[in-house]
Amino acid sequence: MGSFYSEYLNSSKVLEHYTYTKETLETQETPSRQVASAFIIILCCAIVVENLLVLIAVARNSKFHSAMYLFLGNLAASDLLAGVAFVANTLLSGPVTLGLTPVQWFAREGSAFITLSASVFSLLAIAIERHVAIAKVKPYGSDKSCRMLLLIGASWVISLVLGGLPILGWNCLGQLEACSTVLPLYAKHYVLCVVTIFSVILLAIVALYVRIYCVVRSSHAEMAGSQTLALLKTVTIVLGVFIVCWLPAFSILLLDYACPVRSCPVLYKAHYFFAFATLNSLLNPVIYTWRSRDLRREVLRPLRCWQRAAGVQGRRGGTPGHHLLPLRSSSSLERGTHMPTSPTFLEGNTVV
């Protein structure tokens, strides 16, 4: 066992595995790769900024301290960390990869797996919470805090375990024939396990949102107008973006499992598929906040303050107090109790 883990610090192991699985090795940066890396880093910076704005909005306004908004904050946190991890992954890729030790390589890939997995599990946790809340056809009960913490904690624990399995021993060090082509130090069976888990999660999310829609149609027939249409539209957007972003990555990983070494050249372009999957972290805040008018206003509020502050500085004798306007709420949660208090419905804006 000791000799096995001693290979984690062997600087020649990464080169050995890449030489076995790759037809050619990237020993120097090419202009096309530099452009692609720059684009990915810009994309990840956008992911970090927009998810940070969501976290600031949720943290600074007590109105957003309800269970559902905290779930959205957890999703934003996982997406933000995914952006940071993918920046690190990009900077440590290419020729730099061949100089890494196995433990550094596992840390690089594992961090990306953990954060991207956390984003996916956060989506599942939101779907579960929505299903429980809607199926009961009543506001959250006294057990909401326990259920919320359980779902959030479970999503991160499972993500940590899933992303940490290779560094704990489920890898192909010393077994080159069992190695993945896309991730040359990962065992193919581990890759298949990850794809299977994510596929099951996708099916579970689809099933839960179909169930939510059925319950809304049957139990809230009086809202079968704009509320139902908004719900259906949001569910369609969420599921459509999730499938579009992740299906190419799932497909390339399944192909990786099925293909013998060096027999599928498309696998050498897998980093483009993973970069495309990262778009899910970019689009999640847009989908989940744009459907809530109040959250959208609070997210954009810092940008408006900065714009107004810049305008005041540019005008001599301006009144600096004008750029801090109070947030005017249109949420039914503050105006009255005639609307359902389930977090599925927010003043004609559905957050799903």
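Using the three backbone atoms N, Cα and C, a Cβ is placed for every residue, glycine included.
Per TrEMBL, the features are as follows:
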type     : residues  : note
DISULFID : C172-C179 : disulfide bond
DISULFID : C259-C264 : disulfide bond
DOMAIN   : 50-288    : domain 'G-protein coupled receptors family 1 profile'
REGION   : 332-352   : region 'Disordered'
TRANSMEM : 35-58     : transmembrane segment
TRANSMEM : 70-92     : transmembrane segment
TRANSMEM : 112-128   : transmembrane segment
TRANSMEM : 149-169   : transmembrane segment
TRANSMEM : 189-210   : transmembrane segment
TRANSMEM : 230-250   : transmembrane segment
TRANSMEM : 270-290   : transmembrane segment
Quiz prompt | Cβ-Cβ distance under 8 Å to C172 (disulfide bond), same chain, at least six residues away | solution = H17, A178, C179, S180, P184, L185, Y186, A187, K188
Quiz prompt | Per-residue Cβ crowding (10 Å cut-off), top of disulfide-bonded residues C179, C259, C264 | solution = C179
Quiz item: For the domain 'G-protein coupled receptors family 1 profile' (50-288), what's the model's average pLDDT?
Solution: 84
Quiz item: Okay, the transmembrane segment (149-169) and the transmembrane segment (270-290): do they have at least three CB pairs under 8 Å, pairs separated by 6 or more?
Solution: no
Exercise. May I ask for the residues of the chain that lie six or more residues beyond the transmembrane segment (189-210) and have a Cβ under 8 Å from a Cβ within it?
Key: 113, 120-121, 123-124, 127-128, 130-131, 162, 165-166, 170-171, 178, 180, 182-183, 235, 238-239, 242-243, 246, 250, 253-254, 256-257, 352
Self-check item: For the transmembrane segment (70-92), distant same-chain residues with Cβ under 8 A (at least six beyond the ends)
Solution: 37, 40-41, 44-48, 51-52, 54-55, 58-59, 64, 100, 104, 108-109, 111-112, 114-116, 118-119, 121-123, 125-126, 129, 148, 151-152, 155-156, 159, 275, 278, 281-282, 284-285, 288-289, 295, 351
